[in-house]
Amino acid sequence: MDVFRGSVKEGVKSTIPVVSAVIIMPQGANRDETFWRLTPSSPGAGSLHSVASIDTVASTENGIIKPEKWWSTTLQVAVPFFLAGIGTIGAGLTLGVVQNWAVFRDVTSLLILVPPLLGLKGNLDMCLASRLSTQANMGKMDSWREIWKMIVGNVAVVQVQAIVAALLVSLFAVSMNAIIDGWFNLNHALLLSAASITTATSSCFILDLVMIGVIVVTHRLHMNPDNLATPVAASIGDVVSISLLAQIASAFFHIHDTAYWILLVLIVIYLLLLPFWIYIVLNNEYTRPVLTSGWVPVLSALIISGLGGLVLDNVVDLYSSFVVFQPIINGIGGNLVSIQSSRISTMLHQSSLQGIIPPHTRMCATPWAALFKGLPHASTARILISMNLTGQVMFLFVADYIHWGQSTVTAAFALSYLTVSLLQVMILLYTAHLLIHLMWKWKVDPDNSAIPFLTALGDVLGSSLLALAFFFLDALHLPYSN
């Protein structure tokens, strides 16, 4: 039996005890198969406590944190994952229908708005899920009073972020459209801003309630909410967001020329609600730090996702069926990397203080060690990669059949689609490992900051790689049906 020992120290007050991490590895076991124990360096020393942004090392039953069995993780992830896949198929088919509506034909910048708006919804809601999942796994959701405080604070902070970020998303779409077309339309700008804010706040509120319910129930049933919360929300998230955007934009389209003042009043009302939501957040201990630290990743992710919107806006004119598969590849990649991100973040919160990489993992690792064999979460990465390939095969044929009424998938298109999907997911999972450990080293909470970057990167990678697949097949004279 190999035993690795390391110590965790933090200079927050002189009374904080030193904690030793003892990693017990059975003979012949891999790092991703081990369990490890946190033991105080002196009798009576307990959990590490700190102030404000420094998290505690969670205590677990008998002091042991055990990895889940591979079959347990697979079962917990599989059902919500395939439900999420159905949701992304629905989102793609919905987008394929609404792109022909009058509002999308007349206000073409709405298509630029779709990827960043879907990414915004995913970023805010998945960060909420990651924060609450971490709190649940650290034993802080056993009191209904504390649960209620977490719910109110997290819903309020998401509303603040949704209003501000959605307004910036609409300004980005308007600016890009003005640069491309060479002229600016004020009525279109008001329509985009009002539709963006209304869609973001409404969809986030609905999905927040769904995820909170899932996290509370799974925690009570002694299941890991890291595996379930984000896929369950994603199963309805994209289709709800696209449907809301289409319906709201269409309603606003009928009045944006004759009664544009209504759109302006609506935007002002949302802005006037900001102080109310901010007051709630600032008076909530669980979300107060998020209001100051959660903006850079969310706003940066919007810019990155906007690049995916530009890809969609340009490719859809060449390949009309591109919109059927783009939400699927982006949604599935974002869902899988969010699961891995949430799990790694929870592990770091449970095992160490921010700024210190625990001895059972390492920041700099090869893709093989991080994704296949070597590090603690390599086993989960293997499961997610396998699940991606299995799911994408099914989603590809189902979406194609529903869209065309018959199967038109060729061997060349299937191979190209699965190749870019596999490449996207592997890049995302490896980037998640590097980014989360780097954030932890820099004392940045990955629960608030990692997922926005990762899902935005997934949007750009998915859209760009899928576009390359369409171009590649076209160059070989093996185009997908249009």
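Indices start at 1 and increase along the chain as displayed.
Cβ coordinates come from backbone N, Cα and C, glycine included.
Annotation source TrEMBL lists domain 'SLC41A/MgtE integral membrane' at 114-246, 326-468. Per TrEMBL, transmembrane segment is recorded for 77-98, 151-174, 194-216, 228-253, 259-282, 294-312, 318-337, 383-402, 414-438, 450-473.
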_Chain residues outside the transmembrane segment (383-402) and at least six past its termini with a C-beta under 8 angstroms from it_ = 70, 73-74, 77-78, 81-82, 85, 88-89, 92-93, 324-325, 328-329, 332-333, 336, 339-340, 371, 408-409, 414, 417-418, 421-422, 425-426, 429
*asked:* Give the nonlocal contacts of the transmembrane segment (450-473) in its own chain as ranges (CB under 8 Å, at least six residues past its ends).
replied: 115-116, 118-119, 122-123, 126-127, 130, 297-298, 300-302, 304-305, 307-308, 311-312, 315, 318-319, 322, 325-326, 329-330, 333-334, 337-338, 341-342, 345, 412-413, 416-417, 419-420, 423-424, 427-428, 431-432, 435-436, 439, 479-480
*Spatial neighbours of the transmembrane segment (318-337) far in sequence, C-beta under 8 Å, 6+ residues away*: 81, 84-85, 87-89, 91-93, 95-96, 99, 115, 118-119, 122, 126, 230-231, 234, 238, 242, 308, 312, 384, 387-388, 391-392, 395-396, 399-400, 403, 417, 420-421, 424-425, 428-429, 431-432, 451, 454-455, 458-459, 461-463, 465-467, 470, 480-482
*Give residue numbers and ranges for long-range contacts of the transmembrane segment (294-312): same chain, 6 or more residues beyond its ends, CB-CB under 8 A.*
111-116, 118-120, 123-124, 127, 157, 161, 165, 168-169, 172-173, 176, 322-323, 326, 330, 448-450, 452-453, 455-457, 459-460, 462-464, 467
_Using Cβ distances below 8 Å and needing 3 or more such pairs, separated by at least 6 in sequence, tell me whether the transmembrane segment (151-174) contacts the transmembrane segment (259-282)._
yes
*When you scan the chain for residues with a C-beta under 8 Å from the transmembrane segment (414-438), skipping those not six or more beyond its ends, what do you find?*
325, 329, 332-334, 336-337, 340-341, 344-345, 348, 357, 361-365, 367, 370-371, 375, 377, 381, 384-385, 388-389, 392-393, 396, 446, 450, 453-454, 457-458, 461-462, 465-466, 468-469, 472-473
*For the domain 'SLC41A/MgtE integral membrane' (326-468), give the DSSP counts of helix residues, strand residues and coil residues.*
112 helix, 0 strand, 31 coil
*asked:* Using Cβ atoms and a strict cutoff of less than 8 Å, what residues sit near the transmembrane segment (77-98) while being 6 or more residues removed from its termini?
replied: 104, 114, 118, 227-228, 231-232, 234-239, 241-243, 246, 320-321, 323-328, 330-332, 335-336, 339, 383-384, 387, 391, 394-395, 398-399, 402-403
